[in-house]
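Quick look at what TrEMBL annotates:
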- 83: active site, charge relay system (ACT_SITE)
- 163: active site, charge relay system (ACT_SITE)
- 187: active site, acyl-ester intermediate (ACT_SITE)
- 33-477: domain 'Amidase' (DOMAIN)
Ligand code: GLN
(Lines of atoms letter the chains of each structure in order from A and count residues from 1; the text may use other names and numbers.)
(Lines give C-alpha, C1' and ligand atoms only; values in the text may rest on other atoms or scores of the structure.)
Protein backbone atom coordinates (compact mmCIF):
# COMPACT_ATOMS: atom_id res chain seq x y z
CA UNK A 1 0.00 0.00 0.00
CA UNK A 2 1.27 3.44 -0.78
CA UNK A 3 1.08 6.49 1.43
CA UNK A 4 -1.11 9.49 0.73
CA UNK A 5 0.16 11.62 -2.13
CA UNK A 6 3.15 13.55 -0.81
CA UNK A 7 3.50 17.29 -1.40
CA UNK A 8 6.86 16.72 -3.09
CA UNK A 9 6.85 13.88 -5.57
CA UNK A 10 10.63 14.02 -5.90
CA UNK A 11 10.95 12.56 -2.40
CA UNK A 12 9.31 9.26 -3.42
CA UNK A 13 11.36 6.11 -3.86
CA UNK A 14 11.24 4.27 -7.18
CA UNK A 15 9.33 1.45 -5.49
CA UNK A 16 6.86 3.91 -3.95
CA UNK A 17 6.35 5.80 -7.21
CA UNK A 18 5.88 2.53 -9.09
CA UNK A 19 3.01 1.59 -6.76
CA UNK A 20 1.38 5.01 -7.03
CA UNK A 21 1.73 5.02 -10.81
CA UNK A 22 0.18 1.61 -11.17
CA UNK A 23 -2.72 2.44 -8.86
CA UNK A 24 -3.27 5.69 -10.78
CA UNK A 25 -2.72 7.91 -7.70
CA UNK A 26 -0.12 9.85 -9.68
CA UNK A 27 0.65 10.13 -13.37
CA UNK A 28 4.01 9.80 -15.04
CA UNK A 29 3.52 13.32 -16.42
CA UNK A 30 3.08 14.79 -12.91
CA UNK A 31 6.13 12.90 -11.72
CA UNK A 32 8.17 14.11 -14.70
CA UNK A 33 7.03 17.71 -14.19
CA UNK A 34 8.04 17.65 -10.53
CA UNK A 35 11.46 16.34 -11.51
CA UNK A 36 11.99 18.78 -14.37
CA UNK A 37 11.46 21.59 -11.83
CA UNK A 38 13.81 19.86 -9.37
CA UNK A 39 16.49 19.54 -12.05
CA UNK A 40 16.34 23.31 -12.61
CA UNK A 41 16.34 23.99 -8.88
CA UNK A 42 19.47 21.85 -8.53
CA UNK A 43 21.51 24.01 -10.93
CA UNK A 44 23.87 25.10 -8.12
CA UNK A 45 24.98 21.46 -7.78
CA UNK A 46 26.15 21.39 -11.44
CA UNK A 47 25.00 17.77 -11.65
CA UNK A 48 23.33 18.05 -15.08
CA UNK A 49 25.30 19.13 -18.13
CA UNK A 50 22.41 18.55 -20.57
CA UNK A 51 18.72 18.76 -19.68
CA UNK A 52 16.08 17.03 -21.80
CA UNK A 53 12.72 18.27 -20.45
CA UNK A 54 10.79 17.86 -23.74
CA UNK A 55 12.05 14.33 -24.08
CA UNK A 56 11.09 13.67 -20.46
CA UNK A 57 7.51 14.84 -21.04
CA UNK A 58 7.14 12.82 -24.25
CA UNK A 59 8.49 9.72 -22.53
CA UNK A 60 6.22 10.34 -19.53
CA UNK A 61 3.17 10.56 -21.81
CA UNK A 62 4.19 7.28 -23.43
CA UNK A 63 4.57 5.80 -19.94
CA UNK A 64 1.08 6.99 -18.97
CA UNK A 65 -0.34 5.35 -22.09
CA UNK A 66 1.47 2.16 -21.21
CA UNK A 67 0.23 2.25 -17.62
CA UNK A 68 -3.31 2.75 -18.89
CA UNK A 69 -2.94 -0.18 -21.29
CA UNK A 70 -1.80 -2.36 -18.41
CA UNK A 71 1.59 -3.35 -19.82
CA UNK A 72 3.88 -1.35 -17.58
CA UNK A 73 7.33 -2.58 -16.53
CA UNK A 74 8.95 -1.82 -13.14
CA UNK A 75 10.67 1.36 -14.38
CA UNK A 76 7.71 2.71 -16.35
CA UNK A 77 7.31 6.43 -15.67
CA UNK A 78 10.39 6.66 -13.40
CA UNK A 79 12.49 9.80 -14.10
CA UNK A 80 16.22 9.13 -14.14
CA UNK A 81 19.46 10.86 -15.08
CA UNK A 82 22.10 9.36 -17.37
CA UNK A 83 25.82 9.58 -16.72
CA UNK A 84 27.38 11.32 -19.71
CA UNK A 85 29.41 8.18 -20.38
CA UNK A 86 26.41 6.48 -22.01
CA UNK A 87 25.76 7.23 -25.67
CA UNK A 88 22.28 8.69 -26.11
CA UNK A 89 21.01 8.96 -29.65
CA UNK A 90 20.81 12.59 -30.76
CA UNK A 91 21.63 13.86 -27.27
CA UNK A 92 25.10 15.29 -26.67
CA UNK A 93 27.46 12.73 -25.16
CA UNK A 94 30.94 13.90 -24.21
CA UNK A 95 32.15 11.85 -21.20
CA UNK A 96 32.72 15.40 -19.92
CA UNK A 97 35.79 15.77 -22.12
CA UNK A 98 36.42 18.80 -24.33
CA UNK A 99 37.63 16.41 -27.03
CA UNK A 100 34.06 15.16 -27.50
CA UNK A 101 32.54 18.66 -27.52
CA UNK A 102 29.38 18.71 -29.59
CA UNK A 103 29.35 14.96 -30.25
CA UNK A 104 25.83 13.62 -30.77
CA UNK A 105 25.83 9.85 -31.11
CA UNK A 106 23.84 8.23 -33.90
CA UNK A 107 22.99 5.30 -31.65
CA UNK A 108 21.87 4.49 -28.11
CA UNK A 109 23.82 2.51 -25.50
CA UNK A 110 22.28 -0.84 -24.65
CA UNK A 111 21.93 -0.03 -20.95
CA UNK A 112 19.97 3.16 -21.61
CA UNK A 113 17.94 1.49 -24.37
CA UNK A 114 17.02 -1.26 -21.88
CA UNK A 115 15.85 1.42 -19.43
CA UNK A 116 13.76 3.22 -22.08
CA UNK A 117 12.29 -0.13 -23.15
CA UNK A 118 11.29 -0.62 -19.52
CA UNK A 119 9.54 2.77 -19.64
CA UNK A 120 12.03 4.96 -17.73
CA UNK A 121 11.94 8.72 -18.37
CA UNK A 122 15.12 10.61 -19.27
CA UNK A 123 15.80 13.89 -17.44
CA UNK A 124 19.21 14.64 -18.94
CA UNK A 125 22.91 13.87 -18.96
CA UNK A 126 24.96 13.91 -15.79
CA UNK A 127 28.34 15.45 -15.04
CA UNK A 128 31.30 13.17 -14.30
CA UNK A 129 35.08 13.15 -14.18
CA UNK A 130 36.58 13.40 -17.68
CA UNK A 131 36.42 9.92 -19.24
CA UNK A 132 35.54 8.62 -15.73
CA UNK A 133 39.08 9.26 -14.51
CA UNK A 134 38.90 10.67 -11.01
CA UNK A 135 37.50 10.32 -7.52
CA UNK A 136 36.13 13.81 -6.92
CA UNK A 137 34.45 15.01 -10.14
CA UNK A 138 37.06 17.77 -10.31
CA UNK A 139 38.43 16.65 -13.70
CA UNK A 140 35.21 17.37 -15.65
CA UNK A 141 35.46 19.82 -18.55
CA UNK A 142 32.15 21.22 -17.28
CA UNK A 143 33.40 22.05 -13.81
CA UNK A 144 33.04 20.20 -10.53
CA UNK A 145 29.81 18.83 -9.10
CA UNK A 146 28.98 19.94 -5.58
CA UNK A 147 28.04 17.43 -2.93
CA UNK A 148 24.53 18.22 -1.65
CA UNK A 149 25.89 17.41 1.80
CA UNK A 150 27.77 20.00 3.84
CA UNK A 151 29.45 19.59 7.20
CA UNK A 152 27.19 20.55 10.10
CA UNK A 153 27.12 24.31 10.54
CA UNK A 154 29.36 24.98 7.54
CA UNK A 155 28.77 26.70 4.21
CA UNK A 156 31.70 25.17 2.41
CA UNK A 157 31.34 22.79 -0.46
CA UNK A 158 32.55 19.20 -0.58
CA UNK A 159 33.29 16.91 -3.50
CA UNK A 160 30.58 14.35 -4.30
CA UNK A 161 33.18 11.68 -5.05
CA UNK A 162 33.83 10.42 -8.52
CA UNK A 163 33.77 9.67 -11.22
CA UNK A 164 29.95 9.43 -11.08
CA UNK A 165 29.60 12.77 -9.25
CA UNK A 166 26.58 13.99 -11.20
CA UNK A 167 24.81 10.67 -10.74
CA UNK A 168 25.08 10.67 -6.95
CA UNK A 169 24.47 14.41 -6.52
CA UNK A 170 21.29 14.31 -8.63
CA UNK A 171 19.95 11.35 -6.64
CA UNK A 172 20.97 12.67 -3.20
CA UNK A 173 19.68 16.12 -4.21
CA UNK A 174 16.23 14.81 -5.30
CA UNK A 175 16.82 15.80 -8.93
CA UNK A 176 16.43 12.18 -10.16
CA UNK A 177 14.92 9.04 -8.64
CA UNK A 178 17.87 7.04 -9.88
CA UNK A 179 20.82 7.48 -12.19
CA UNK A 180 22.98 5.32 -14.38
CA UNK A 181 26.63 5.24 -13.37
CA UNK A 182 29.75 3.30 -14.21
CA UNK A 183 32.45 1.75 -12.08
CA UNK A 184 35.95 0.94 -13.32
CA UNK A 185 37.73 1.07 -9.97
CA UNK A 186 35.05 2.39 -7.64
CA UNK A 187 33.19 5.15 -9.48
CA UNK A 188 29.75 3.93 -8.41
CA UNK A 189 30.54 2.85 -4.86
CA UNK A 190 32.82 5.65 -3.61
CA UNK A 191 30.57 8.55 -4.72
CA UNK A 192 27.54 6.69 -3.32
CA UNK A 193 29.34 6.52 0.03
CA UNK A 194 30.15 10.26 -0.14
CA UNK A 195 26.51 11.24 -0.66
CA UNK A 196 24.45 8.83 1.45
CA UNK A 197 23.14 6.99 -1.62
CA UNK A 198 23.11 3.33 -2.63
CA UNK A 199 25.31 2.23 -5.54
CA UNK A 200 25.68 -1.21 -7.07
CA UNK A 201 28.50 -2.37 -9.33
CA UNK A 202 27.42 -5.66 -10.89
CA UNK A 203 29.64 -8.53 -11.98
CA UNK A 204 31.77 -7.70 -15.03
CA UNK A 205 29.68 -8.82 -18.01
CA UNK A 206 26.27 -8.37 -16.34
CA UNK A 207 25.49 -5.09 -18.14
CA UNK A 208 26.41 -4.44 -21.74
CA UNK A 209 29.24 -2.00 -22.42
CA UNK A 210 27.87 -1.28 -25.91
CA UNK A 211 27.61 2.48 -26.25
CA UNK A 212 29.48 3.22 -23.03
CA UNK A 213 32.46 5.48 -23.71
CA UNK A 214 35.39 3.16 -22.96
CA UNK A 215 37.88 3.95 -20.20
CA UNK A 216 39.44 0.58 -19.26
CA UNK A 217 37.47 -2.08 -21.10
CA UNK A 218 38.40 -5.07 -18.92
CA UNK A 219 37.12 -3.20 -15.84
CA UNK A 220 34.28 -0.88 -16.96
CA UNK A 221 30.86 -1.91 -15.72
CA UNK A 222 27.54 -0.04 -15.57
CA UNK A 223 25.30 0.05 -12.51
CA UNK A 224 22.59 2.06 -10.74
CA UNK A 225 22.67 4.78 -8.07
CA UNK A 226 19.48 5.21 -6.06
CA UNK A 227 18.31 6.24 -2.58
CA UNK A 228 17.37 2.74 -1.41
CA UNK A 229 18.60 -0.82 -1.91
CA UNK A 230 15.23 -1.89 -3.27
CA UNK A 231 15.38 0.87 -5.88
CA UNK A 232 18.84 -0.31 -6.96
CA UNK A 233 17.51 -3.87 -7.31
CA UNK A 234 14.66 -2.62 -9.50
CA UNK A 235 16.86 -0.42 -11.66
CA UNK A 236 19.65 -2.98 -12.08
CA UNK A 237 17.07 -5.51 -13.23
CA UNK A 238 16.11 -3.16 -16.05
CA UNK A 239 19.70 -2.28 -17.02
CA UNK A 240 21.21 -5.77 -17.07
CA UNK A 241 21.12 -8.51 -19.66
CA UNK A 242 23.08 -10.26 -22.36
CA UNK A 243 23.87 -8.24 -25.46
CA UNK A 244 25.42 -9.78 -28.57
CA UNK A 245 26.78 -6.31 -29.41
CA UNK A 246 29.25 -6.55 -26.47
CA UNK A 247 31.49 -9.62 -26.71
CA UNK A 248 32.26 -9.41 -22.97
CA UNK A 249 28.61 -9.38 -21.97
CA UNK A 250 27.69 -12.80 -20.62
CA UNK A 251 24.69 -14.85 -21.68
CA UNK A 252 23.03 -15.47 -18.31
CA UNK A 253 19.48 -14.78 -17.39
CA UNK A 254 18.81 -11.76 -15.19
CA UNK A 255 17.41 -12.85 -11.83
CA UNK A 256 14.54 -11.06 -10.11
CA UNK A 257 16.84 -8.91 -7.96
CA UNK A 258 13.99 -7.45 -5.95
CA UNK A 259 12.89 -10.95 -4.91
CA UNK A 260 16.35 -11.44 -3.37
CA UNK A 261 15.52 -8.82 -0.71
CA UNK A 262 14.11 -11.32 1.77
CA UNK A 263 15.69 -9.66 4.79
CA UNK A 264 16.84 -13.09 5.92
CA UNK A 265 20.60 -13.56 6.20
CA UNK A 266 20.54 -16.18 8.95
CA UNK A 267 23.41 -18.59 8.52
CA UNK A 268 25.11 -16.54 5.80
CA UNK A 269 28.85 -16.30 6.28
CA UNK A 270 30.25 -12.78 6.04
CA UNK A 271 34.00 -12.34 5.62
CA UNK A 272 36.00 -9.54 7.23
CA UNK A 273 39.29 -9.10 5.34
CA UNK A 274 42.04 -8.36 7.84
CA UNK A 275 44.13 -6.55 5.23
CA UNK A 276 41.47 -3.81 4.99
CA UNK A 277 42.37 -2.53 8.49
CA UNK A 278 44.51 0.34 7.23
CA UNK A 279 46.93 2.18 9.44
CA UNK A 280 45.91 5.79 9.74
CA UNK A 281 42.29 5.26 8.69
CA UNK A 282 39.91 7.63 10.54
CA UNK A 283 38.69 5.94 13.70
CA UNK A 284 35.08 6.68 12.72
CA UNK A 285 35.43 4.44 9.68
CA UNK A 286 36.81 1.57 11.80
CA UNK A 287 34.01 2.11 14.30
CA UNK A 288 31.35 2.07 11.60
CA UNK A 289 32.81 -1.11 10.14
CA UNK A 290 32.57 -2.76 13.59
CA UNK A 291 29.04 -1.48 13.89
CA UNK A 292 28.24 -3.09 10.55
CA UNK A 293 29.69 -6.38 11.77
CA UNK A 294 27.48 -6.19 14.87
CA UNK A 295 24.39 -5.44 12.76
CA UNK A 296 24.94 -8.42 10.50
CA UNK A 297 25.72 -10.67 13.46
CA UNK A 298 22.51 -9.56 15.18
CA UNK A 299 20.61 -10.46 12.01
CA UNK A 300 21.92 -14.01 12.25
CA UNK A 301 24.96 -13.95 9.96
CA UNK A 302 28.14 -15.69 10.93
CA UNK A 303 31.19 -13.41 10.90
CA UNK A 304 34.42 -14.97 9.64
CA UNK A 305 37.86 -13.35 9.59
CA UNK A 306 39.42 -13.84 6.16
CA UNK A 307 42.65 -12.92 4.41
CA UNK A 308 43.05 -11.31 1.01
CA UNK A 309 46.85 -11.35 1.08
CA UNK A 310 47.52 -9.45 -2.16
CA UNK A 311 45.31 -6.48 -1.24
CA UNK A 312 48.25 -4.11 -0.89
CA UNK A 313 49.15 -4.63 -4.54
CA UNK A 314 45.66 -3.81 -5.83
CA UNK A 315 46.08 -0.04 -6.18
CA UNK A 316 49.43 -0.14 -8.02
CA UNK A 317 48.08 -2.93 -10.22
CA UNK A 318 44.94 -0.96 -11.06
CA UNK A 319 46.96 2.18 -11.79
CA UNK A 320 48.94 0.23 -14.38
CA UNK A 321 46.15 -1.82 -15.98
CA UNK A 322 43.57 0.99 -16.18
CA UNK A 323 45.88 3.63 -17.74
CA UNK A 324 47.27 1.00 -20.15
CA UNK A 325 43.79 0.25 -21.46
CA UNK A 326 42.87 3.93 -21.39
CA UNK A 327 45.88 4.90 -23.51
CA UNK A 328 44.76 2.41 -26.12
CA UNK A 329 41.04 3.30 -25.96
CA UNK A 330 41.70 7.04 -26.14
CA UNK A 331 43.88 6.70 -29.24
CA UNK A 332 40.65 6.97 -31.27
CA UNK A 333 40.25 10.66 -30.37
CA UNK A 334 42.40 12.10 -33.10
CA UNK A 335 40.34 14.93 -34.55
CA UNK A 336 39.12 12.78 -37.45
CA UNK A 337 36.21 10.82 -36.08
CA UNK A 338 34.53 12.63 -33.22
CA UNK A 339 34.05 16.02 -31.61
CA UNK A 340 36.92 18.45 -31.52
CA UNK A 341 39.24 19.09 -34.47
CA UNK A 342 42.02 21.60 -34.13
CA UNK A 343 44.48 22.14 -36.97
CA UNK A 344 47.13 24.84 -36.75
CA UNK A 345 47.50 27.11 -39.79
CA UNK A 346 49.35 25.21 -42.49
CA UNK A 347 49.71 22.14 -40.30
CA UNK A 348 49.61 18.56 -41.49
CA UNK A 349 47.99 15.41 -40.11
CA UNK A 350 50.43 14.93 -37.24
CA UNK A 351 49.94 18.57 -36.22
CA UNK A 352 46.19 18.01 -36.18
CA UNK A 353 46.53 14.97 -33.90
CA UNK A 354 48.85 16.83 -31.59
CA UNK A 355 46.86 20.03 -31.36
CA UNK A 356 43.49 18.28 -31.07
CA UNK A 357 44.71 15.98 -28.30
CA UNK A 358 46.68 18.75 -26.63
CA UNK A 359 43.60 21.01 -26.53
CA UNK A 360 41.01 18.31 -26.04
CA UNK A 361 42.29 16.31 -23.06
CA UNK A 362 42.57 17.62 -19.51
CA UNK A 363 45.64 17.09 -17.29
CA UNK A 364 44.44 13.92 -15.53
CA UNK A 365 43.57 12.23 -18.83
CA UNK A 366 46.96 13.20 -20.26
CA UNK A 367 48.66 11.77 -17.18
CA UNK A 368 46.83 8.45 -17.67
CA UNK A 369 47.65 8.33 -21.39
CA UNK A 370 51.33 8.94 -20.61
CA UNK A 371 51.45 6.31 -17.84
CA UNK A 372 49.59 3.84 -20.03
CA UNK A 373 51.79 4.41 -23.04
CA UNK A 374 54.89 4.03 -20.86
CA UNK A 375 53.86 0.73 -19.23
CA UNK A 376 52.95 -0.72 -22.63
CA UNK A 377 56.12 0.35 -24.41
CA UNK A 378 58.82 -2.09 -25.46
CA UNK A 379 61.34 -2.51 -22.67
CA UNK A 380 58.82 -1.73 -19.90
CA UNK A 381 55.93 -3.99 -20.89
CA UNK A 382 57.23 -7.05 -19.02
CA UNK A 383 58.24 -5.12 -15.93
CA UNK A 384 54.94 -3.25 -15.57
CA UNK A 385 51.99 -4.36 -17.67
CA UNK A 386 52.71 -8.09 -17.73
CA UNK A 387 53.60 -8.09 -14.03
CA UNK A 388 50.38 -6.22 -13.25
CA UNK A 389 48.36 -8.78 -15.20
CA UNK A 390 49.91 -11.56 -13.11
CA UNK A 391 49.21 -9.75 -9.85
CA UNK A 392 45.64 -9.15 -11.03
CA UNK A 393 45.25 -12.93 -11.24
CA UNK A 394 46.63 -13.34 -7.70
CA UNK A 395 44.09 -10.80 -6.43
CA UNK A 396 41.27 -12.71 -8.17
CA UNK A 397 42.61 -15.96 -6.63
CA UNK A 398 42.51 -14.36 -3.16
CA UNK A 399 38.79 -13.71 -3.60
CA UNK A 400 38.16 -17.18 -5.05
CA UNK A 401 39.72 -18.78 -1.98
CA UNK A 402 37.84 -16.47 0.37
CA UNK A 403 34.52 -17.33 -1.26
CA UNK A 404 35.13 -21.00 -0.51
CA UNK A 405 34.63 -19.98 3.13
CA UNK A 406 32.23 -17.04 3.01
CA UNK A 407 29.16 -15.88 1.05
CA UNK A 408 29.88 -12.15 1.09
CA UNK A 409 32.46 -9.68 2.38
CA UNK A 410 31.92 -6.52 4.46
CA UNK A 411 34.34 -3.55 4.32
CA UNK A 412 34.21 0.23 4.45
CA UNK A 413 33.55 1.71 1.00
CA UNK A 414 36.17 4.45 1.19
CA UNK A 415 38.91 5.39 3.63
CA UNK A 416 37.40 8.82 4.34
CA UNK A 417 34.21 10.86 4.08
CA UNK A 418 33.79 13.49 1.34
CA UNK A 419 36.63 16.02 1.31
CA UNK A 420 36.75 19.68 0.37
CA UNK A 421 37.44 20.90 -3.17
CA UNK A 422 41.14 21.20 -3.92
CA UNK A 423 42.13 19.01 -0.97
CA UNK A 424 43.63 16.29 -3.12
CA UNK A 425 43.51 17.63 -6.67
CA UNK A 426 47.22 18.57 -6.64
CA UNK A 427 48.29 15.19 -5.31
CA UNK A 428 47.36 12.32 -7.64
CA UNK A 429 48.59 9.65 -5.21
CA UNK A 430 46.40 10.97 -2.38
CA UNK A 431 43.49 10.99 -4.84
CA UNK A 432 44.20 7.43 -6.01
CA UNK A 433 44.25 6.21 -2.37
CA UNK A 434 40.52 6.83 -2.27
CA UNK A 435 40.04 3.71 -4.34
CA UNK A 436 41.86 1.41 -1.95
CA UNK A 437 38.78 -0.62 -0.89
CA UNK A 438 36.93 -0.60 -4.22
CA UNK A 439 39.70 -1.46 -6.69
CA UNK A 440 40.41 -5.08 -5.64
CA UNK A 441 36.90 -6.32 -6.50
CA UNK A 442 37.04 -4.39 -9.78
CA UNK A 443 40.25 -6.17 -10.76
CA UNK A 444 38.55 -9.47 -9.91
CA UNK A 445 35.37 -8.54 -11.83
CA UNK A 446 33.19 -9.13 -8.75
CA UNK A 447 29.92 -7.43 -7.76
CA UNK A 448 29.69 -4.96 -4.89
CA UNK A 449 27.53 -2.28 -3.37
CA UNK A 450 27.82 0.71 -1.10
CA UNK A 451 25.11 1.29 1.50
CA UNK A 452 24.79 4.49 3.57
CA UNK A 453 25.46 3.44 7.14
CA UNK A 454 26.18 6.49 9.27
CA UNK A 455 27.47 10.04 9.60
CA UNK A 456 30.90 11.18 10.68
CA UNK A 457 31.51 13.77 13.42
CA UNK A 458 31.05 16.55 10.83
CA UNK A 459 27.68 15.18 9.76
CA UNK A 460 28.91 13.79 6.42
CA UNK A 461 27.71 10.37 5.23
CA UNK A 462 29.79 7.18 5.35
CA UNK A 463 29.16 3.96 3.46
CA UNK A 464 29.80 0.28 3.96
CA UNK A 465 30.68 -1.98 1.05
CA UNK A 466 29.28 -5.48 0.47
CA UNK A 467 31.14 -7.68 -2.01
CA UNK A 468 29.89 -10.97 -3.42
CA UNK A 469 30.77 -13.90 -5.63
CA UNK A 470 30.69 -13.51 -9.39
CA UNK A 471 27.06 -13.43 -10.60
CA UNK A 472 25.74 -13.33 -7.05
CA UNK A 473 24.35 -9.80 -6.97
CA UNK A 474 21.38 -11.35 -5.18
CA UNK A 475 23.39 -12.01 -2.03
CA UNK A 476 25.04 -8.59 -2.29
CA UNK A 477 21.61 -6.97 -2.49
CA UNK A 478 20.12 -9.13 0.27
CA UNK A 479 22.93 -8.29 2.71
CA UNK A 480 22.79 -4.64 1.61
CA UNK A 481 19.08 -4.57 2.42
CA UNK A 482 19.67 -5.95 5.91
CA UNK A 483 22.45 -3.43 6.50
CA UNK A 484 20.26 -0.57 5.26
CA UNK A 485 17.47 -1.60 7.61
CA UNK A 486 19.80 -2.00 10.61
CA UNK A 487 21.57 1.30 9.96
CA UNK A 488 18.23 3.10 9.63
CA UNK A 489 19.99 5.87 7.74
CA UNK A 490 17.35 8.58 7.37
CA UNK A 491 19.56 11.68 7.41
CA UNK A 492 19.24 13.85 4.32
CA UNK A 493 21.17 16.90 3.15
CA UNK A 494 19.77 20.36 3.92
CA UNK A 495 18.53 21.58 0.55
CA UNK A 496 20.63 24.78 0.54
CA UNK A 497 20.94 24.60 -3.25
CA UNK A 498 17.22 25.26 -3.71
CA UNK A 499 17.43 28.57 -1.84
N1 GLN B 1 38.85 6.73 -9.17
C2 GLN B 1 39.29 5.70 -10.05
C3 GLN B 1 40.07 6.28 -11.20
O4 GLN B 1 40.28 7.44 -11.17
C5 GLN B 1 38.10 4.89 -10.52
C6 GLN B 1 37.36 5.55 -11.62
C7 GLN B 1 36.21 4.73 -12.12
O8 GLN B 1 35.81 3.75 -11.50
N9 GLN B 1 35.75 5.09 -13.29
O10 GLN B 1 40.47 5.61 -12.10
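Each Cβ is built from the backbone N, Cα and C atoms, and glycine gets one as well.
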Within the predicted model, mean pLDDT of the domain 'Amidase' (33-477): 97
Those active-site residues in 83, 163, 187 whose CB falls under 6 A of ligand 1, listed in sequence order: 163, 187
DSSP-derived class (H/G/I helix, E/B strand, else coil) of residue 187 (active site, acyl-ester intermediate): coil
Residue 163 (active site, charge relay system) - helix vs strand vs coil (DSSP): coil
Distant-in-sequence Cβ neighbours of residue 187 (active site, acyl-ester intermediate), under 8 Å, six or more positions away: 129, 132, 135, 162, 163, 164, 181
Sequence-distant neighbours of residue 83 (active site, charge relay system) in its chain (C-beta under 8 A, six or more apart): 125, 126, 128, 164, 166, 167, 179, 180, 181, 182
All-chain count of other Cβ atoms within 10 Å of residue 163 (active site, charge relay system): 34
